[in-house]
Amino acid sequence: MAIRIRISGTLLLSFLFFSTLHAFYLPGVAPRDFQKGDPLYVKVNKLSSTKTQLPYDFYYLNYCKPPKILNTGENLGEVLRGDRIENSVYTFEMLEDQPCRVGCRVRVDAESAKNFREKIDYEYRANMILDNLPVAVLRQRKDGIQSTTYEHGYRVGFKGSYEGSKEKKYFIHNHLSFRVMYHRDQESESSRIVGFEVTPNSVLHEYKEWDENNPQLTTCNKDTKNLIQSNTVPQEVEEGKEIVFTYDVAFKESVIKWASRWDTYLLMNDDQIHWFSIINSLMIVLFLSGMVAMIMMRTLYKDISNYNQLETQDEAQEETGWKLVHGDVFRTPMNSGLLCVYVGTGVQIFGMTLVTMIFALLGFLSPSNRGGLTTAMVLLWVFMGIFAGYSSSRLHKMFKGNEWKRITLKTAFMFPGILFAIFFVLNTLIWGERSSGAIPFSTMFALVCLWFGISVPLVFIGSYLGHKKPAIEDPVKTNKIPRQVPEQPWYMKPGFSILIGGILPFGAVFIELFFILTSIWLNQFYYIFGFLFIVFLILIVTCAEITIVLCYFQLCSEDYNWCWRAYLTSGSSSLYLFLYSVFYFFTKLEISKLVSGVLYFGYMIIISYSFFVLTGSIGFYACLWFVRKIYSSVKID
């Protein structure tokens, strides 16, 4: 029986380890089988640009519109991401190639020309969806071996000049060559879509006479199967001129199975960098672990052993270091209520982050589940309110406070209130740009309802449960008169030690942070939650150990004001995170619009502030455990 349990445990650990390397992919929707001739409806999504970070509705530009535009019901995460999924004029028949289809003919007025030129200037990309697969442009890149990568969406157009002229003109991609890859089931003869690619072209279409019911183009004719040539005259964006939008579609059988169809989108060519990041972080952890072990095993246990013999050896006068402040180390810190609020909020963020990563590792938050990650984070934040209330109330009672209701109110409203205020200002700026990224009033109202209707009551429930629990007893008594803190050496003064303490936690995550920022601001998929989960565990250990080490040095300097110092020591890593985001902005992004820059730094302030609360709470709890551990092992009259 013992052998069976040991084998099962080994298998479980092996499963968890390998699952952390690359997260499982569980499809967001059930597979759909298509027969030959079945209609396929292409949906359009937002227009996006890495140069502005301001998404727009697809029909913001004067594209072909269906008779009635139908909006697909987006989930909360999709709305927050700025997705606007709608129907389109692009329709296919399964397994039937269509060499040339006319979408529509539009006349370009002054406003349309201005919008097209603006979107081309900022390199906007149009996004489409077929059977829950985003359209992509195939790219070949050489990195030792030939590899295929996808670029999400296609460019609205490009700038260029005619031969013999230096004047820059604007050209629009008005002809789309789609390629649909499918995998055929040999038994049922049905097919499943496993790929959706597009090659955009700019073509100045010509025709003799326009027939709305059956337009015949001399440059692209479905009857003669004319093909678009690479040397075709491009379609210029000119006010008062017309643009004919066309498309063709070809179907190609693929060996890729439906369950693996997202692999090309999620292809990662930089696993070695992630492994380097993890090894680098583990070296930091081993270094800190060695220091903590040395403190705990060689110094503390020896000191405690010697200190416990002071009664018989009559050496009480020789007390030095951390032992001298035993009567003050559990003294209630200044602004203890605010500390309780921040620690409780940190527990809430920690719970949300941990559960979100577990769901992501199991594949429930894959990119095919569009908006699922954002939705999960919002909902988990709401329901983790009960742990925030419980933690802040328990800590407040340990500090011998008697205003638990006020602490509960601050826990429920302070942190989310600050975030909501920043978010509201940013949303107002987005509204001013007429971007689809602006959160509609209905969604804003839903967020407020989640906050006031679920999160706040749960915070109060958790706080009530924590208040009813008996107070955590201090292992030693606190003196009535505070001990004077001696003058500290320069390297132990709060400002210096706090800033030093944040370097190592940031160093443990900064490489992974690069990929996260690239995913957020350069519209790339991030699906390496296995690596991220390992880095998150390393971050927890690093925050805990660096705070313990610096706390011990602080106590040895007879400075017993450790509570806020512990929180700020690990929390200061958020300062380095924000400074890195500034560096990333100026070196990796090409944002030129003022509003876009404000949005970037506004969101990075939110992320850095959340990181501060998370890491600060980890450091505080680690220090609390450490201090209680060492002082509970000492005999004190």
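Cβ from N, Cα, C; glycine included.
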Exercise for review: Report, based on Swiss-Prot, whether Val343 and Leu517 occupy the same side of the membrane.
Suggested key: no
Review point. Which sequence positions outside the transmembrane segment (275-295), separated from its termini by at least 6 residues, show Cβ-Cβ distances below 8 Å to it?
Key: 504, 507-509, 511-512, 531, 534-535, 538, 541-542, 545-546, 548-549, 552
Exercise for review: Using Cβ atoms only, state whether the transmembrane segment (566-586) and the transmembrane segment (496-516) have three or more pairs under 8 Å that are 6 or more apart in sequence.
Suggested key: yes
Check your understanding: Which residues of the same chain, at least 6 past either end of the topological domain 'Lumenal' (587-593), have a Cβ under 8 Å from a Cβ in it?
Key -> 50-54, 517-518, 521-522, 600
Review point. Residues sitting near the topological domain 'Cytoplasmic' (549-565): Cβ under 8 Å, six or more positions beyond its termini, same chain?
Key: 288, 291-292, 295, 321-322, 324-325, 328-329, 331, 333-336, 339, 483, 485-486, 488-489, 492, 494, 497-498, 500-501, 620, 623, 626-627
Point to revise | Close approaches to the topological domain 'Cytoplasmic' (392-411) from elsewhere in its chain (Cβ under 8 angstroms; 6 or more beyond its ends) | key: 332-333, 336-341, 343-345, 459-460, 462-467, 469, 471-472, 474
Study note, to complete from the structure: For the topological domain 'Cytoplasmic' (615-637), the DSSP residue counts stand at 17 helix, 0 strand, 6 coil
Practice item. For the topological domain 'Cytoplasmic' (549-565), jot down how many residues DSSP puts in helix, in strand and in coil. Key: 11 helix, 0 strand, 6 coil
